[in-house]
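Heads up, the thing below is written out as structure tokens.
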Amino acid sequence: MSDSLHTPEEPRPGPGEQLAHAHDGSLRHTRAKGEPRFPDGPKADPAGSHFERRIRSFQPRRSRVTAGQADALQRLWPKWGLDIDGHALDLTELFGNTHPVVLEIGFGMGEATARMAAEDPDTGILAVDVHTPGQGNLLNLADQHGLTNIRVANGDAIILLREMLPPDSLDGLRVYFPDPWPKKRHHKRRLIQPEFLTLAATRLRPGALVHCATDWEPYAEQMLDVLTAHPDFENTQPTGGYAPRPGFRPLTRFEGQGLDKGHVVNDLLFRRVQPRDQHRDLPPSATEAD
């Protein structure tokens, strides 16, 4: 994929605002009071997950949305987007084929996701995030480059895994540059925890790959420890350490900036092993609050 998968500069409306022409012919941003940000787009907290007493690994934030992103959310969400609302999901129906599907949790502005989709059109990517500009940008990139193997999911990935995806339905899990929650008191918010891996394992087919990447060394060490200790996964590296960056994971602009500053990026590549007990119970609602 060429370097054309970048976000163009556009007028920047406020969160959920629409562009309108002012009397002087310039653009201004308006939204009626009480009007949803995107009537045909992603909903705020679609499954009501914030009423659950559970620690979360993400922090929703309101961000400015460009005109192009807003247009993509309105126009393409009914086609390629879905809200994580707790209802069972049929991946064959969602993608319109029986191709393998990988789950990507957290995709930023979506440029790396779009590149991977372009390089592997026979694999579906179910990309989850709560960042509205990124959702709109990824939809825009998919539309511009004819990438029909991307679906954008809005909401809590735990609910998606726990309530919406059937067992053994995923051929891979990708978690690239998750929030490291660097403060010690926030470490419990990190996504890669034993409870999360136990839940994810029930949705991953034997042989499916779990691929994580981070430039935060302490988090990389925790990921390596947790994945190594988990009985449902094995390290693909004979030495038992970090993996070289696989060719299918593109170098992102964010990652490039970090490398220029001397940051070290660690990739972890683990394989889902054949479960010893096919009837092992699902975990409770992953990472319960105290």
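Even glycines carry a Cβ here, placed using N, Cα and C.
Under DSSP, Asp179 (active site) is assigned to coil, being neither helix nor strand in the three-state scheme. Positions annotated as active site by Swiss-Prot, on the basis of similarity to another entry: Asp179.
In the three-state DSSP reading, Asp156 (S-adenosyl-L-methionine binding site) counts as coil. Positions annotated as S-adenosyl-L-methionine binding site by Swiss-Prot, on the basis of sequence analysis: Glu104, Asp129, Asp156, Asp179.
For Lys183 (substrate binding site), other Cβ atoms within 10 Å of its Cβ number 8. Sequence annotations record features per position, and here Swiss-Prot assigns substrate binding site to Lys183, Asp215, Thr252, Arg253, Phe254, Glu255.
Feature annotation from Swiss-Prot assigns compositional bias 'Basic and acidic residues' to 1-12 (among others).
If you look up Swiss-Prot, you'll see 20-43 (among others) marked as compositional bias 'Basic and acidic residues'.
Per Swiss-Prot, the feature region 'Disordered' maps to 1-49.
Geometry remark: Phe254 (substrate binding site) versus Asp179 (active site), CA distance 13 Å.
Between the CA atoms of Arg253 (substrate binding site) and Asp179 (active site) there is a gap of 17 Å, rounded to the nearest whole number. Counting Cβ atoms from all protein chains shown, Glu104 (S-adenosyl-L-methionine binding site) has 24 others lying within 10 Å of its own Cβ. All protein chains shown were included, and the count of other CB atoms within 10 Å of the CB of Thr252 (substrate binding site) stands at 20.
Compared over the recorded positions Asp156, Asp179, Asp215, Glu255, the count of CB atoms lying within 10 A of a residue's CB peaks at Asp156.
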